[in-house]
Amino acid sequence: MSNYEPILLARIGKPESYKLEGYRADGGYEAFLKALKNSKPNEVVDTIKNSGLRGRGGAGFPTGLKWTFLPKDHPGPIYLCVNADESEPCTFNNRILMELDPHQVLEGVMLACYAIKSSRAYYYIRYEYGLSYRRLQAAIDELYAAGLLGQNIQGSGFNLDIYLHRGAGAYVCGEETGLIESLEGKRAWPRIKPPFPAIEGAFRKPTIVNNVETLACVTQIMRRGIDWFKSIGVAPDPKNPRDAGSYGPKLYCVSGHVNNPGCWELPLGVTSNELIRLAGGVWKGRKVKAVVPGGLSMGFLTANELEVPLDFNGPGKVGCLGLGTAAITVIDDQTSMIDVLHNTCQFYAHESCGQCTPCREGTGWMLKITDRLRKGQGRKEDLDILVEVADRIGIMPGSTICGLADGAGWPVKNAIRKFRQEFEDAIKTGRRSHLRPLAMAH
Amino acid sequence: MSILSNELREKIQAYIPRYPNKQAVTLPALHLVQDALRCVPNEAVREIAQMLDLAPSEVYDTMTFYGFFREDHNKLGKNRLWVCRSLACNLRGADDLLGHFCDKLHVAPGETTKDGKITLEFAECIGACEGAPCVLINDEHELNITNEKADQLIARLQKA
């Protein structure tokens with residue numbers, strides 16, 4: 001992997017990499033203008049479909065296939081919603097793209113809109129990303145001034161407006177129907193599906209929701225072709241008919257107990273060990289105790305599982321929820337897994353939207369129990385209760401509307417299954433974590 | 001007399017053509033009002049609702065879903081300082097950092113300093129994990145915050 005040449009991050013580090021002039025000097029918007037001139041929208045859809053691109057937002061759903069779910073010959077309007085509500089703990093890859101190469105993302109937005117015959121994109125961006133917001137708005141202004149957005153773009157008859165829409169600090173807005181409800185000016189309460197957004201989405205019209213990194217990949221696929229994209233990553237397992245493969249580059253964020261945290265672009269399928277090496281190794285000369293493979297909701301890898309390939313299928317084979325956002329968080333051997341689990345439970349209890357009872361109550365109870373464990377007041381039966389709650393609140397029995405509860409349950413199940421001895425010892429000895437009363441406020 | 005200035009009203013109006021219905025302007029309107037007034041008073045909720053052809057309860061319902069917006073009894077200070085406490089930051093000392101800010105500012109998370117300059121809050125992940133522990137000042141990230149850097153930040157915000 002050491003000789004891999006970054007494509008999505010190729011322009012990062014150039015002076016003013018976020019400006020239109022430099023982007024165009026590097027061939028920017030040629031793919032869009034070429035598609036506008038030479039390709040029919042369905043040809044763009046086919047290209048993305050045949051590339052095998054899977055969404056980078058966490059779920060890994062095939063992007064081109066999603067686009068084909070739109071009703072045929074719909075009179076419109078059809079909307080594109082860009083999901084830039086990146087709020088999964090430990091994940092910041094979209095922020096890097098938006099701050100430093102917003103035009104690459106916007107070209108993907110424009111290509112996607114052309115493909116799905118949408119003349120309006122709502123770019124939903126989390127409020128916390130102020131610099132991204134300002135860079136994107138400046139980039140959009142540049143595009144209007146250059147005649148690349150607006151009515152009848154370059155005489156093609158294609159119209160497109162892109163509007164930025166700022167969120168207000170709620171994780172559930174990253175769920176696609178939660179995002180749509182929030183865009184519409186309501187509580188970000190996810191919708192019961194079906195109907196899926198492709199049939200009835202924003203403002204009750206057909207809508208596609210795509211992630212930022214996914215759209216950057218769309219730009220590069222349209223520029224470099226399917227063969228380029230498929231030459232990177234992992235091909236489908238021929239023995240597994242449900243494996244759609246893990247093609248293309250991926251932005252891996254590495255954080256936590258490493259010497260040099262950061263974001264690296266590598267082919268799908270690298271391992272945690274390789275990423276930890278790139279990030280300068282574990283800090284303070286310590287060893288790895290656990291790794292979060294892809295955002296907090298995916299669960300944990302143990303020190304023995306660091307050679308698992310980080311593609312769409314790898315983490316699932318060792319009991320994790322999946323690859324998620326491919327955000328790797330390294331936890332060193334001096335850290336208490338009780339503290340880690342308490343922190344994850346705190347996050348989900350805070351961010352549950354409260355609409356579904358199992359999630360609202362379940363995340364609250366998991367927080368209460370982990371809080372108890374942390375204070376050295378754990379009971380023998382607590383671990384079994386935690387696992388039972390985590391098992392019951394997820395989407396598998398169809399008891400909640402969105403995936404937040406499942407995401408809250410996975411780290412609990414994983415931590416207790418993979419680190420049970422540590423939890424049992426703590427309960428037995430009544431060991432307390434380092435507690436700071438002020439920071440405990442929640 | 002209206003609580004929303006003409007300038008604010010014009011800014012809110014300018015959002016209306018962007019969306020197929022007026023309700024979608026709720027979040028932009030709440031942001032504009034809170035930026036200007038440091039909170040969204042009840043009277044502003046009523047006036048936003050009027051501008052967007054909604055019931056005040058609809059605007060209030062949306063507003064209170066997002067813990068981000070504040071009512072007038074709980075007004076923001078001049079600057080909002082969010083200390084991230086999510087896992088990546090927590091692993092690198094976010095709990096202690098939040099405690100340090102509390103000690104130095106003499107406030108608990110959610111409160112505003114007596115001089116009205118700084119409102120301290122904890123944040124769930126603010127998406128700058130490469131610079132953990134990190135903080136957000138209004139909507140700008142500051143990375144790799146040590147106690148010394150925290151003290152410098154406080155001094156800067158108190159002068160601003």
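The first residue you see is number 1, and the count goes up from there.
Backbone N, Cα and C atoms are what each Cβ position is placed from, and that goes for glycine too.
Feature annotations, reproduced from TrEMBL:
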{"type": "BINDING", "residues": "B:CYS84, B:CYS89, B:CYS125, B:CYS129", "note": "[2Fe-2S] cluster binding site"}
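With an 8 Å limit on C-beta distances, the binding-site residues from B:CYS84, B:CYS125, B:CYS129 that reach chain A are B:CYS125, B:CYS129.
According to DSSP, B:CYS84 ([2Fe-2S] cluster binding site) is assigned to a strand segment. Other Cβ atoms within 10 Å of the Cβ of B:CYS125 ([2Fe-2S] cluster binding site) number 29 in total over all chains. Its Cβ placed at the centre, B:CYS129 ([2Fe-2S] cluster binding site) has 31 other Cβ atoms within 10 Å.
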